[in-house]
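Listed in TrEMBL for this protein:
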- 122-334: domain 'Radical SAM core' (DOMAIN)
- 136, 140, 143: [4Fe-4S] cluster binding site (BINDING)
- 348: N6-(pyridoxal phosphate)lysine (MOD_RES)
Ligand SMILES: *Cc1c(COP(=O)(O)O)cnc(C)c1O
């Protein structure tokens, strides 16, 4: 029994016959069946008692945004100082969730508006988000899709998934499919196998990604059987969601080890959360634990403007301060890209400290992480290729068979020689309207 910590043993005692519980602790379906969904159970299992007034407010919050915590994730809470505990803060509701501010939105990323088919969000030119599950084992309090949590607590039916697959089949531009949810690993191995097999058969789909928090909140879901299924459908990439170094437990390490050993490249997407990880030292400890376990920090997200997340938000300056503390100070592959997911559906916008101090026609002035100011001398001569898109006649040896069909979009278009566009103007520009009169 020494593989179980004290908290797990105590929870086991409360959940029923201790011996039986501990023998099933690592069975993910058992964990799912024992998820903590009420304030009562939570109090009982952790030996905590809330003030009656406060308790009432929490219960009101749960009525709007439901509660669910796996026994495993619950066991990570340090009961001695639970109120400040990063696991508690991510898993347990607070009354502040019911405060809706003017700028808060149910769907800030306009995922429902950019949805051409059931479960599909098609935002970027070459890739789609495919929501194949509406459920999760643990409801993160900071969920950006809080509007959906518990709302339609069902797995999309086969027809719905079929419709999404059909959209992907009919759109040859889609070369990357991101399976998300909810948590796609809530689906059975067989159901996942079916979806992945269908995607395999679509020639233009080159990669499939899975976004899942299972390695963090229910690491026992990463079974040998599941890994065997995923492995059949390479190239599969997995992105997970660790937010605090405390979450990288022995069980989580085992889960990511299995995935990495199966040849699955692993990435991590953290959300910057006030009171959880808004600290350069915590973030550095987290990225170091991730890379030591073969998980590459991928994104650090600024907290979205979804309703109910106000108490989690930090100023963007906190994110920049964290980036400043990572770049140069630690391995390049430990540094995630800090992004704001643009409200209104503009997609992810990367933010960095400024490293470009100044420039003239022949020199660039740069600064490094230490504050060293340096110059980079530009080449005296550079032969400009005017790019008229006649790649056959170009010296650069692009094998045209390998090249994607190419259409410049956005700022890229302003930079392109072959495009005559000289400015991008918002649709509601009054100056342009006057010109049209
Ligand atoms: C994040 C996201 C993606 C994937 O973005 P990458 O930068 O390629 O990781 C795709 N579609 C939507 C709608 C997204 O929000």
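Each residue, glycine too, has its Cβ placed from N, Cα and C.
Look at the residue listed as 'N6-(pyridoxal phosphate)lysine': DSSP puts it in a strand.
In the predicted model, the domain 'Radical SAM core' (122-334) has a mean pLDDT of 96.
Secondary structure at residue 140 ([4Fe-4S] cluster binding site), as computed by DSSP, is coil.
Taking each Cβ in turn and tallying the other Cβ atoms within 10 Å, the top scorer among the binding-site residues 136, 143 is 136. Taking Cβ-Cβ distances under 8 Å and a sequence separation of 6 or more, the neighbours of residue 140 ([4Fe-4S] cluster binding site) in its chain are 90, 91, 213, 241. Long-range neighbours of residue 348 (N6-(pyridoxal phosphate)lysine) (same chain, six or more residues apart, CB within less than 8 Å of its CB): 299, 339, 340, 341, 342. Same-chain residues that are not part of 136, 140, 143 yet have a Cβ within 8 Å of the Cβ center of the [4Fe-4S] cluster site turn out to be 138, 139, 141, 142, 145, 146, 149, 213.
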